[in-house]
Amino acid sequence: MAESTRDRVMEIRAGLSHALGAAQIALEQAHEARDAAHARYERVVAAATARRRKLTAARDERIREIGSWHDTELAALVGVAAAAADRAAPGAAGEPWHSWEPTPLERAAELRVGRLILPEAPVPAPVPGEGRRPDGRDGGADGERRPRGAWAGAPGEVTEPLPGPESEPPETAAGPPLDEAPPDVAALVALLDRGHIVVEGDRRAGDDVVAGLLLRALGTSAPGAVRIIGYDPENLGGGLAGFAPLAPAGVLTSVGPGGLERLLDDLVGHVRRINETVLAGEYTSLRELHAVTNRRPEPWRVAVLLGGGDLSRHERSQLDRLLRTGAACGVHLVIRGLDVAPGPGIEFIRAAPGEDARIEGAGDLPVRLDPAPPPTTVTATCRQIAEEVAAGPAPVALDSLLPEAGTEWRDTSATGLTAPLGDSPQGARVLVTLSDYPPHALIAGPSGTGKTNFIYAWMGALAARYSPDELAFYLLDFKEGVSFARFAPGRRDPSWLPHVRLVGVNVNTDREFGLALLRFLSAELRRRADAAKQHEVTNLAELRAEDPDGSWPRIVAVVDEFQVLLAGRDAVAGEAVDLLEDLARRGRSQGIHLVLASQDVSGIEALWGRPALVAQFSLRIALPRARRVLAETNAAADSLPRYHAVVNADSGAAEANRVVRVPAAGDRERWGALQHRLWRRRPPELGPPRLFDGDVIPKLVDSPDYRGLRASDSPAAPVALLGETIDVAARSARTVLRRAPGRNLAVLGTRVDEACAVLATAGRSLAAQFAPEGARFSVVCLDTDARAAAEALHARIPDCGWYDMDNVDWLLEDAAAEATAAWPADRPHFILIYAADALPGGKEAAAQLRTVLRQGPERRLHVLGWWRGAGLLRDTLGGQAARTDSIGAWVALDVHGSELSPYYPGQGAPNWYPRPWRALHFDRSVHRGAEVIIPYGNP
Ligand SMILES: Nc1ncnc2c1ncn2[C@@H]1O[C@H](COP(=O)(O)OP(=O)(O)OP(=O)(O)O)[C@@H](O)[C@H]1O
């Protein structure tokens with residue numbers, strides 16, 4: 001082989017080896033690059049996975065939040081909807097049948113027919129395998145929900161639920177807890193006062209809806225306030241069979257086949273009448289009338305028309321009229337089986353079993369209709385309603401007489417007092433006026449027919465319209481009981497009716513209080529007549545115009561069972577009739593109105609004996625079966641239903657009869673609401689009325705006269721208070737112990753407590769007028785029964801002397817000397833003697849006491865003594881022939897009038913029949929006749 005060839009081979013080998021080396025390096029580098037790329041690839045993949053997981057987690061969290069928010073919102077909305085439905089359909093309007101009972105409501109409510117099926121009720125995720133919701137209802141295909149938090153991803157993505165909190169069941173922030181069923185949202189329809197219902201679809205379900213609606217309408221209104229007229233030609237009334245117990249009471253009337261035209265005509269007639277006479281252009285609907293006036297003079301008439309085939313043209317047009325105009329007049333139609341075109345106020349219900357029913361007002365939401373009400377509930381309710389209706393009309397609420405809240409006290413009484421007293425049977429309001437004509441009223445009705453209630457209702461209607469500046473009441477009840485006490489503040493209720501100035505209760509044995517009221521009114525009449533003369537006017541309206549700043553309210557004086565005041569032929573009755581006659585005659589133009597009520601006016605001889613007096617009472621009010629209050633030939637009261645009255649402003653002439661259904665005003669709660677409302681509006685200066693309760697013993701510390709006493713150094717005319725007079729102003733009876741002959745006081749009778757009460761009142765009131773040391777007081781106790789009371793008085797008067805059997809001789813000797821002394825008397829000396837007739841010391845002591853009685857007062861020495869009998873006082877004074885003028889004032893307890901004649905100058909004896917805790921007071925220096933007083937208790 002040639003050299004050159006070898007070289008070339010070598011060369012090639014070297015070249016190859018070099019190339020191999022280079023390739024090796026390149027390969028290694030390529031491997032490295034590949035490894036690096038792979039590692040990068042791995043990193044990228046790992047990062048991508050991690051990022052996707054993070055995004056997934058974030059997305060799931062967001063979905064969970066949205067789900068939770070959605071559920072919370074939905075639950076809240078369901079709650080709101082359920083609460084709104086509850087409010088719209090309270091009580092019997094919406095209560096499920098198992099707990100249903102009638103609950104008459106103030107206003108017509110919407111009525112429940114079933115429940116709404118909400119698309120996505122917020123229920124917790126169903127446990128796999130369980131097909132029922134926690135509320136026990138079927139899940140149903142579209143009712144089932146995907147577990148919140150499980151996310152179904154797109155193909156190829158990570159699909160398994162990722163571990164973490166999102167796989168837990170979501171919490172609900174608000175709304176019902178998960179183990180509680182969401183609230184039921186009632187499906188409601190509006191019938192009474194709103195519109196008409198047309199039921200279509202499944203017949204059985206439709207029947208159930210109609211029965212349910214009727215029962216709810218009946219159960220939400222007062223018995224008799226809903227009248228049902230049934231027309232069921234196919235089943236001859238079978239569709240309303242359950243309501244049959246209502247028929248005898250007239251609450252359900254059935255119309256036979258062929259009677260549809262007449263039924264529709266009748267209803268159209270009602271609508272026309274109600275529009276013309278009840279709404280009378282003043283209101284657009286009964287609903288509005290009720291809202292404004294609280295009156296509902298017409299029942300709701302619900303006509304149930306179940307089928308009827310083709311209607312005649314007339315029937316169709318009457319039906320259309322009713323559909324358009326009936327609801328405003330309380331005429332409503334519930335229709336099944338007649339074609340009705342949609343229109344305002346017409347609710348369509350498509351009845352179907354299960355959850356396929358619909359009501360138009362709920363849009364597309366499915367409705368599960370309620371089952372029919374249980375037949376026993378229907379029957380029991382209907383029976384109860386029928387019984388109550390048969391027993392008489394339901395009471396009307398007092399509110400129906402009142403002006404709208406906030407509009408009280410807007411009327412002026414310048415020309416009279418006018419107020420509604422209720423509705424006539426035809427639905428028109430009956431207004432009653434007291435003015436110049438008719439000025440006074442007589443109310444009559446046998447016991448229990450509602451006289452007192454009538455007076456309450458009238459007073460309520462007046463008090464709500466006229467302010468206390470325009471109207472004042474003076475009330476007297478001669479019946480036993482406290483029916484007028486509610487107008488004055490009491491222990492339980494501190495409010496009073498601001499117009500009431502005086503309330504007298506339990507006065508049946510204190511007829512003097514009736515007289516006091518009449519005397520007070522007479523004085524007021526004189527005041528008004530004088531003012532009228534001064535302003536040269538003739539009646540109240542003119543006086544008020546001339547004297548706008550004066551206080552001239554119309555006065556209404558109500559005397560219940562007034563015949564008690566006039567019974568008998570004694571001085572009280574005589575004076576009362578005279579005063580009444582004057583008040584009745586002259587009060588009319590001076591705004592003083594008398595309202596006299598009695599169980600039976602025929603028994604009041606004193607009144608009927610004075611035709612001129614009776615004629616003034618031209619407003620006559622007769623309650624059922626009242627006699628003689630209307631004209632002889634007017635028998636309207638005989639046929640009056642319960643809670644009605646005949647109001648007659650023309651002295652009972654039959655043509656002037658107006659029948660009124662009187663609202664119930666006796667209910668304390670309702671009355672209380674009105675009284676509180678008016679009381680809160682009272683002018684600040686208006687105090688409570690004077691309450692005279694004949695059963696209550698007054699207290700000296702409450703006496704305005706006692707509280708007004710002030711101590712001074714030497715009052716010239718000290719006043720001894722004795723008890724409360726029976727008069728309008730709660731005055732205290734008094735006797736003035738000035739320096740003058742006869743200024744002594746004798747208390748006569750055997751009743752220890754009352755005698756001690758009078759002496760204690762006198763002693764305490766006298767002591768209150770003197771500064772310390774200003775007068776000398778001596779208490780003499782000669783009867784152990786009176787000792788405690790005498791000691792109590794002694795303890796109350798500072799520096800008072802105490803004497804009894806043992807030492808009274810000292811006092812008498814001293815006092816007799818003082819009475820006859822020549823030196824001027826320095827200060828008054830009051831000697832209070834308990835049981836003066838028991839004075840020891842024989843003739844000498846008796847003579848000393850006589851001296852003190854005769855001569856003491858001129859030297860400011862006064863005896864206030866208690867003798868246990870009128871004859872015993874006579875003995876003290878010196879026997880039958882002795883003069884009695886040293887006893888200038890006396891208080892007689894259980895002493896008959898005839899025994900008092902020696903101490904009662906003038907003709908005969910005072911008219912006095914003793915009665916417990918009452919006394920007769922006479923002061924010859926001021927009185928023409930004696931006055932009845934009530935000793936103060938615990939003075
Ligand atoms: N209009 C009415 N609506 C409802 N209830 C009434 C009505 N009028 C009276 N009542 C009720 O009838 C009963 C008797 O009424 P009230 O006391 O007014 O009769 P009265 O004639 O004054 O009887 P008496 O003279 O015996 O007191 C009371 O329970 C009262 O609540």
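Cβ coordinates are placed from backbone N, Cα and C, and glycine is handled just like the others.
Long-range Cβ neighbours of THR449 (ATP binding site) (same chain, at least 6 residues apart, Cβ-Cβ under 8 Å): LEU623, PRO624, ARG625, ALA626. Taken residue by residue with DSSP, THR449 (ATP binding site) is part of neither helix nor strand, so it is coil. The ATP binding site annotation in TrEMBL covers GLY445, PRO446, SER447, GLY448, THR449, GLY450, LYS451, THR452.
If you look up TrEMBL, you'll see 130-147 marked as compositional bias 'Basic and acidic residues'.
Look at TrEMBL and you will find 427-632 tagged as domain 'FtsK'.
Here TrEMBL flags 120-182 as region 'Disordered'.
Checking the binding-site residues GLY445, PRO446, LYS451 against ligand 1 with a 6 Å cutoff on the Cβ atom leaves GLY445, LYS451, in sequence order. Ranked by Cβ neighbours within 10 A across all protein chains shown, the binding-site residues GLY445, PRO446, GLY448 are led by GLY445. Just so you know, of the binding-site residues SER447, THR452, the Cβ with the fewest other Cβ atoms around it within 10 Å is the one at SER447. For the domain 'FtsK' (427-632), the predicted model reports an average pLDDT of 90.
The binding-site residues considered are GLY450, LYS451; of these, GLY450 has the fewest other C-beta atoms within 10 angstroms of its C-beta.
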